[in-house]
Amino acid sequence: MQNHLSSTRRLGRRALLFPLCLVLYEFATYIGNDMIQPGMLSVVQTFGVDESWVPTSMTAYLAGGMFLQWLLGPLSDRIGRRPVMLIGTLYFAATCLAILLTNSIEQFTLMRFLQGISLCFIGAVGYAAIQESFEESVCIKITALMANVALIAPLLGPLAGAAWVHLFPWEGMFILFAALSLLAFLGLYKAMPETATRRGEKLSLSALGRDYTLVLKNRRFLCGSLACGFASLPLLAWIAQSPVIIISGEGLSSYDYGMLQVPIFGMLILGNLTLARLSGRRPVRRLIQLGAWPMVGGLAIAAASTLYSAHAYLWMTAGLSLYAFGIGLANAGLYRLTLFSSTMSKGTVSAAMGMISMFIYTLGIEVGKYAWLLGGNGAFNLFNLISGLLWLALIARMLRDQLVGRMAGR
């Protein structure tokens, strides 16, 4: 195992193939959500149901992403990250093909839940292996750059999905997702190292419960995990609800819908690139503080503009773009601080983080949907602002200890 770790840290071609293939799998699972969302308007027409099912597809997907987090992280600690990750890539491909057999919206939503379980493998297994494979400053840069590749999904997904449903049946998207996952499997099979530290230990449910209890008793971890969830919630609520807001609510075309995503996710990528440049030069706490201003300020602009004029969707887009830059700058460092706030094995810690975040996303997207149904764009963006303010309060509590994140890259 030491040979694996040392060779990985040297960042050779084989070592770089591992994060590239992991991000290909991540891209497949993300585009499995972002590309299908504009296509959901065609899906609900196929099954003869109303548009309230559009965001529910994403809710089911993220609920699946929470379902097995508690097990996969500790399981990969004990039997190895590599076999668990490889099974995950094959599982996602299989569920993407199985959804082609559905004949009702209920069956479709159930399959979306089962597909969402594939998200569990990214944080609880894949990213834990990344964190264990590279030294800290290099790891933050790799994580930020990997995020840029993964973020092509929400940048291109809406455009590609809107174009796809005009040219091809929506079912063909899932064949594409399966093909990408199988390609990632081949690369991971060749290049993924084994980094698990507790291999061979027996998996005991009582011991597992004790591990999670110890993790959740850590206040810094709890604040960081909740903050990670509330930081990304406005973005995910936007992805889920924006087809209805833009196409049905504002009466714009699917092309306009896709183009309105470009500044938001373009700024998210710019924030990640800025983070990659500053990482190692600035303390992590400073990077988080720098990201706080555009995050909260952007959400405030979106809320104020749409409360003043319900159809100010360009101001809403501008505010969300500013917010997206902030989250790109702050989130990778926050994830790192939270993951290493506990001395427990990283598979368990990462799984606990994932469950907390996915619970916030699953519940929050549904709350955001009803906020829009009851109060339109203003209420939806006010909900997002509240999420941002909760993030700010949690960050303030987490960074109360002046030593947390003080060293550059730590």
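Glycine residues also receive a Cβ, built from the backbone N, Cα and C atoms like all the rest.
According to Swiss-Prot, the features are:
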- 1-15: topological domain 'Cytoplasmic' (TOPO_DOM)
- 16-36: transmembrane segment (TRANSMEM)
- 37-52: topological domain 'Periplasmic' (TOPO_DOM)
- 53-73: transmembrane segment (TRANSMEM)
- 74-82: topological domain 'Cytoplasmic' (TOPO_DOM)
- 83-103: transmembrane segment (TRANSMEM)
- 104-109: topological domain 'Periplasmic' (TOPO_DOM)
- 110-130: transmembrane segment (TRANSMEM)
- 131-144: topological domain 'Cytoplasmic' (TOPO_DOM)
- 145-165: transmembrane segment (TRANSMEM)
- 167-187: transmembrane segment (TRANSMEM)
- 188-226: topological domain 'Cytoplasmic' (TOPO_DOM)
- 227-247: transmembrane segment (TRANSMEM)
- 248-255: topological domain 'Periplasmic' (TOPO_DOM)
- 256-276: transmembrane segment (TRANSMEM)
- 277-286: topological domain 'Cytoplasmic' (TOPO_DOM)
- 287-307: transmembrane segment (TRANSMEM)
- 308-313: topological domain 'Periplasmic' (TOPO_DOM)
- 314-334: transmembrane segment (TRANSMEM)
- 335-346: topological domain 'Cytoplasmic' (TOPO_DOM)
- 347-367: transmembrane segment (TRANSMEM)
- 368-375: topological domain 'Periplasmic' (TOPO_DOM)
- 376-396: transmembrane segment (TRANSMEM)
- 397-410: topological domain 'Cytoplasmic' (TOPO_DOM)
Self-check item: Contact ranking winner - 16-36, 53-73, 227-247, 287-307 against the transmembrane segment (83-103), Cβ under 8 Å
Solution: 16-36
Quiz item: Using DSSP, what's the helix, strand and coil tally for the topological domain 'Cytoplasmic' (277-286)?
Solution: 5 helix, 3 strand, 2 coil
Quiz item: So, do the transmembrane segment (287-307) and the transmembrane segment (167-187) meet, by the test of 3 or more Cβ pairs under 8 Å (sequence gap 6 or more)?
Solution: no
Quiz item: Is the transmembrane segment (347-367) in contact with the transmembrane segment (227-247), using three or more Cβ pairs under 8 angstroms as the rule and ignoring pairs under 6 apart in sequence?
Solution: yes
Self-check item: Selection from 16-36, 110-130, 314-334, 347-367, 376-396, the stretch that has most Cβ pairs under 8 A to the transmembrane segment (167-187)
Solution: 16-36
Practice problem: Find the average pLDDT over the topological domain 'Periplasmic' (368-375) in the predicted model and report it. | Solution: 94
Practice problem: Could you pull out which residues elsewhere in the chain have a CB under 8 Å from any CB of the transmembrane segment (376-396), counting only those six or more residues past its ends? | Solution: 223-224, 226-227, 230-231, 233-234, 237-238, 241, 245, 249, 288, 292, 295-296, 299-300, 302-303, 305-307, 310-313, 316, 319-320, 323, 334, 364, 367-368
Quiz item: Residues of the same chain, at least six outside the topological domain 'Periplasmic' (37-52), with any C-beta under 8 angstroms of its C-beta?
Solution: 58, 104-105, 108, 157-158, 161-162, 164-165, 170, 173, 239-240, 242-244, 247-248, 254, 257-258, 369, 373
Quiz item: Who are the chain neighbours of the topological domain 'Periplasmic' (248-255) in space, where the CB to CB distance is under 8 Å and they lie at least 6 residues beyond its ends?
Solution: 38, 41, 51, 162, 165-166, 311, 313, 372, 376-377
Self-check item: Secondary structure content of the topological domain 'Cytoplasmic' (335-346), with strand meaning DSSP E or B
Solution: 6 helix, 0 strand, 6 coil
